[in-house]
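Noted in Swiss-Prot for the protein shown:
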- 116-193: disulfide bond (DISULFID)
- 16: N-linked glycosylation site (CARBOHYD)
- 23: N-linked glycosylation site (CARBOHYD)
- 1-45: topological domain 'Extracellular' (TOPO_DOM)
- 67-79: topological domain 'Cytoplasmic' (TOPO_DOM)
- 101-118: topological domain 'Extracellular' (TOPO_DOM)
- 140-158: topological domain 'Cytoplasmic' (TOPO_DOM)
- 180-203: topological domain 'Extracellular' (TOPO_DOM)
- 225-256: topological domain 'Cytoplasmic' (TOPO_DOM)
- 278-290: topological domain 'Extracellular' (TOPO_DOM)
- 312-366: topological domain 'Cytoplasmic' (TOPO_DOM)
- 46-66: transmembrane segment (TRANSMEM)
- 80-100: transmembrane segment (TRANSMEM)
- 119-139: transmembrane segment (TRANSMEM)
- 159-179: transmembrane segment (TRANSMEM)
- 204-224: transmembrane segment (TRANSMEM)
- 257-277: transmembrane segment (TRANSMEM)
- 291-311: transmembrane segment (TRANSMEM)
């Protein structure tokens, strides 16, 4: 018997939504014979996670965007992709997450099916946009470090903006089929309107492969080649001919590598569950514990607030710009002033953006 999809048992959405939205497949992991009553501590925990994620996501990613806008040292071709990633993270914090929080408070979905569709659409747009932006960052780093002679031509200001436009065009194209297949549904286990893995096994496998596994393999390839080149230069080249590896540049590269690793860790469990369920829905779905399904989703949700924190912890330029922005909030007229124009700032700090145009290794290899 299919579990009730809208809200708590017996709950129905307001409005006249498509009947496809009102059903959940028997194969949905954890669906069982209905939605079981949730203990109050679980709802409180999920609500706390969402509140923290929303606040840190909005504040942190706005700081990232404003930092790049205010500081000329951070306005470079590589950081265009960082801003793209920040925008992708902001998408979920301003609409889908607040609606999920409202569902937790109300113990069910209380809005129309249109809000559900829009929430699920923005959720997918954010996820795929994040994946493609992280892939764009990795390719940018690979070209900058391993093919430095051609980097300036490949990543001119105009070209970089075109790449970001391509990223979001592909993201939009990738998410539109969800509206046609009917995979954007409300799931009471996670209090969210999101991609439903059990609607179509073939489509779920295609989504996981092309929207997660393939992009992550591209990122892994890029970073492995970068690490190989860095290690080769550091350990196998004679000291006399060894190019200088600037510590600050290396930390900048590590920052983006950490962003990728955390994204992969947070999203891998959910994608793995999707593949397992899609491989044999009838037998595998009932074996997925509900707590694991819920935990994998909220781990993925939590990732949207991590990137801005990583930049602040690992990158001095962003950390200092964060501090300036927070202080300048008290002086409105100074808020949108280019902070890199201050004489004292130019004296105290050397240029060292998160993704700089100067390279770790001045060789054109790999």
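Glycine residues also receive a Cβ, built from the backbone N, Cα and C atoms like all the rest.
Ranking the disulfide-bonded residues 116, 193 by the number of CB atoms within 10 A of their own CB puts 193 at the top. Of the two recorded stretches, the transmembrane segment (80-100) lies close to the transmembrane segment (159-179), with three or more CB pairs under 8 Å once pairs fewer than 6 apart in sequence are set aside. Among 159-179, 204-224, 291-311, 291-311 has the largest number of CB pairs under 8 A with the transmembrane segment (46-66). Taken residue by residue with DSSP, residue 116 (disulfide bond) is part of a helix. Per-residue confidence over the topological domain 'Extracellular' (1-45) averages 46 (mean pLDDT, predicted model).
Note: the topological domain 'Extracellular' (278-290) comprises 10 helix, 0 strand, 3 coil (DSSP; helix = H, G, I, strand = E, B).
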